[in-house]
Amino acid sequence: MPVITLPDGSQRHYDHAVSVLDVALDIGPGLAKACIAGRVNGELVDASDLIESDAQLAIITAKDAEGLEILRHSCAHLLGHAIKQLWPDTKMAIGPVIDNGFYYDVDIEHTLTQEDLALLEKRMHELADKDYDVIKKKVSWQEARDTFAARGEDYKVAILDENISRDDRPGLYHHEEYVDMCRGPHVPNMRFCHHFKLQKTSGAYWRGDSKNKMLQRIYGTAWGDKKQLNAYLQRLEEAAKRDHRKIGKQLDLYHMQEEAPGMVFWHNDGWTIFRELETFVRMKLKEYQYQEVKGPFMMDRVLWEKTGHWENYAEHMFTTSSENREYCIKPMNCPGHVQIFNQGLKSYRDLPLRMAEFGSCHRNEPSGALHGLMRVRGFTQDDAHVFCTEEQVRDEVNSCIKMVYDMYSTFGFEKIVVKLSTRPEKRIGSDELWTRAEDDLAAALTENGIPFDYQPGEGAFYGPKIEFTLHDCLDRAWQCGTVQLDFSLPGRLSASYIGENNDRQVPVMIHRAILGSMERFIGILTEEYAGFFPTWLAPVQVVVMNITDSQSDYVQQVTKKLQDAGIRAKADLRNEKIGFKIREHTLRRVPYMLVCGDKEVESGKIAVRTRRGKDLGSLDVNVVVDQLLAEIRSRSLHQLEE
């Protein structure tokens, strides 16, 4: 006689085993209609699963995050159902849930086109409109294997052979004549799966191994209702308009080419943004009392063997050789910083020692993963490492956190999600050391009034870490900042200092990144601002234009005055109509356009116009210079009179 306890504390008593759906129906027909699955004693189960003993139960609907994930997973099965009807010889591989949607990897003879996707989506809707029940069956491993072998599903057979124990009872989900395999849960009926959209295809190797066959990956998105789906599609449309690759080309910021995959060719305007960002970071480094250093971009393989990188990271490292020695091009800066720390005897009085570098790093990312500035092979890290005593960890972490928020606020990022990753099962260091380290990180976040979630077991083997994920104007998440404690690397590389008792001790090392990759952060900013960079970051801050040739000398005088004040100004003296010039520079997202006519020459003033089309009238040139300098120096996100 199971007693079912609901989230509100109420209880329901039954004299026989009941399904999740039975309990939902007992509560009310509305809840039963909305029931996708259940959470029984913390574990997600299908709506059809029986509860045979006392249990805590929560009914899962499409309004719950778990419900939406289940719905998306079932849409992947719906995709499988449709593709097998249209192209029966297709072999199905894997179809997991991803952020905002799902994908399915398929082995199909022809290359899928946009027309194929439209046809596939139409068939999916036709199937979903039948509102058929999804039937779950738990079977023996052998029965599951026989089922898929008989259907020619080689990839499902391989999953069973290589990933599933012979003692397991896999779950088979029946969508009419189509059968798929999954741990579940899944929706009980396809009426939940009406609001989806197939998006694109790409190539994907089976098992992610380039030695295996290339499959075709079909991506889709799915939501609980039409309103959510349309809102997401609108966000995607806006994201496409903001794509940094498109804007980068329009604004002539950078380019990339096949001869240097994943490497950035910065053009003048893009490099101007890079250097301005670098200047800002340098100012903050000085404010927070960091040294700036520069290490070599490649070092002997022997050093990387000592650090453990060669054993655990070799496939991502570029190598070269000279005079019978093998060198690794650095994928990160930390080993070099330890080498600098090791030069000369250090005392506890020298700590904390804060060391920063704009480090040029290279990582051998798979070519298929490269994506504009967001995923590159050559990048610059705004990397820093703090060497300190165990007693100093809390204060130093506190300082790092303040620096993160200080810098992010300058760019207008307000929503920052913070996670604290704690000790994994395999780790070095005593439990006492880990407890203290985790407590120090948590206390620093709490002292700064920062809410955070724990990620149990997600820390590195050498220490816990804090991750800062910023959300942009489209609510996309970008993990940029980290504060990572390291109990391992200093000892591996023989770093030490003389303690108060005149004994040698190993310092704690704090890895600290805020922007992460400079290239990636510029990509994020380009999309956040849609190319409308705040004036302090804009490559060209002001364009001064004449209406006729008679104002040319005055335009040059005004331009020089602006340039002498340190403002990035250009003169446009072309023999073009003023409306054409204004439109062109507006499209180039230049913050300010100054127009000189005869009236301005006579009065010694200048007509000021913003890129958003706001006419600020004719102003004294010195006033314009002062106001622009105030805006630039304050790194304001807003233009004059906004």
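From the backbone N, Cα and C atoms, a Cβ is placed for every residue, glycine too.
The candidate list His362, His371, His385, His471 contains one residue that Swiss-Prot assigns to the Zn(2+) site with Cys334, His511, namely His385. Close to the recorded Zn(2+) site, the chain also has Met332, Asn333, His337, Asp383, Ala384, Gln484, Asp486, Leu489, Met509, Ile510, Arg512: residues not among Cys334, His385, His511 whose Cβ is within 8 Å of the site's Cβ mean position. Classification of His511 (Zn(2+) binding site) by DSSP places it within a strand. Averaged over the domain 'TGS' (1-61), the predicted model has a pLDDT of 92. Listed binding-site residues: His385, His511; maximum Cβ neighbour count within 10 Å falls on His385.
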